[in-house]
């Protein structure tokens, strides 16, 4: 390459190349080349132009990665449809503009500002630094963690430091190719609609990067930037310890129970080690190959604890070598918890999210009664999402506290919990079946570190005081409050129109009459007692037929409740091309034939799938066999 050619700017290089002749695509190619200053992603686009790969360029440049309540998440590569330096800068610029509109006070922005954290993935630190540079250039105080931190530290820091917002760069348990940009509001909970739409509009109004947005030198020696780690670290553990009454700390100290732990190549180990030290538990025994952060996740196909046994194979091997009976696992950003226990027959039981939810809900109430001098159970609240087990509701009815159901996702549970707390209620616990648990209110989001510490303390307490295992305690909970078992899986459907047709048939079930839903399955063998259609805001359980949960017209979600305690939710979102189903049999305490209930669960679930989704008629492909819970 000649020196003259080597000195050419990207724009000059582009001028020498033939473009597609498609006006919209060529405009986006020019935008990318004039805006992107990352050599690697810039070269990806220029190489595609040289190769005249217009189809790939159209996919990457004429589509925009969506910004929702979960922020951004996607693959890392060049393109407006992906995660890269340019898209992160655009997103940060939009968020900064949105916050400046929401908080016009310059003093507020300069004193309270934002907190920024990141996980151990490729580019996470750089994306966090670019985000921080954008906010500093907009005269915001920036609390930038200078080391990788668990996601729960971000919402905790927002509350502790009274920040206006928080950002964490993470793709949680996604594959190694992915990254993300997650946003928390000033209350320490994830953002809710319509904030996501307003932020997206602000991003689209601030697409061109300011030259200063690329300049990371602003992070050095700037009075507006501060690492909050030394302040937040001890505060977090002080708060965690307050939920462990002295009697539990003593039991932990005396217990001989040891725990195997895997952070799945994520950030969790050093933070879990400190949590165990503070709780006076025996030191964790980590899975050595998975102990340290590794963006390759080299021992796992998917670094996702929801994968069950597959994700815990190395932890099981380590547990057997160490003669340990309990395994704890966090996902890579440490906001989820998975667990397994060796049963009496020497088999490993991988607990589902619903089973851990039952155990931790019982423990949250037990712990509250132990640590509170005058417990007022009637003022207490626990929350769960609509597709999670109804076991918390059963415990609430028996024990006299309130159970609140929300839409799926901790964004709903965290915000609802804060509302309830502001109204004077004591929020003890919240959970969703996707291994998310919120113990207390110090973090208004799921927290895998706090949940693991509580589960370990519970295991020690049960073993020391009653010689019970977690498996035995779960059976005891079912015996007291009623047997609950669930199934969740999905079918693949690439045709959005077909998804709509399937759900519209259920809404016009009797002779195409609008507002008529199926009344039974298996030729009347099992009858429907209530229908809740959140797409339409309908709930037949109430006299006015209006749903008490928010209406979600952009998604499909219908829940059928049957007379025998069987509940099934059918749902689909436009984004993921899946027809999901989540079913549960909710037995009464006096119903002791658990195998019979389980058989009924499987039989009724299959009937609902066959009669409501009609997979054979539509040629739908099941994702997997029953994921029995």
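Even glycines carry a Cβ here, placed using N, Cα and C.
Remember, TrEMBL labels are computer predictions, not curated facts.
Summarising the annotation, TrEMBL assigns domain 'Alpha-D-phosphohexomutase alpha/beta/alpha' to 66-206 (among others). Each residue of the domain 'Alpha-D-phosphohexomutase alpha/beta/alpha' (66-206) gets a DSSP state, and the totals for helix, strand and coil are 57 helix, 29 strand, 55 coil.
Annotated domain 'Alpha-D-phosphohexomutase alpha/beta/alpha' per TrEMBL: 236-344 (among others), in sequence order.
The domain 'Alpha-D-phosphohexomutase alpha/beta/alpha' feature in TrEMBL is assigned to 353-470 (among others). Mean pLDDT of the predicted structure over the domain 'Alpha-D-phosphohexomutase alpha/beta/alpha' (353-470): 97.
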Tally of residues which DSSP labels helix, strand or coil - the domain 'Alpha-D-phosphohexomutase alpha/beta/alpha' (236-344): 47 helix, 18 strand, 44 coil
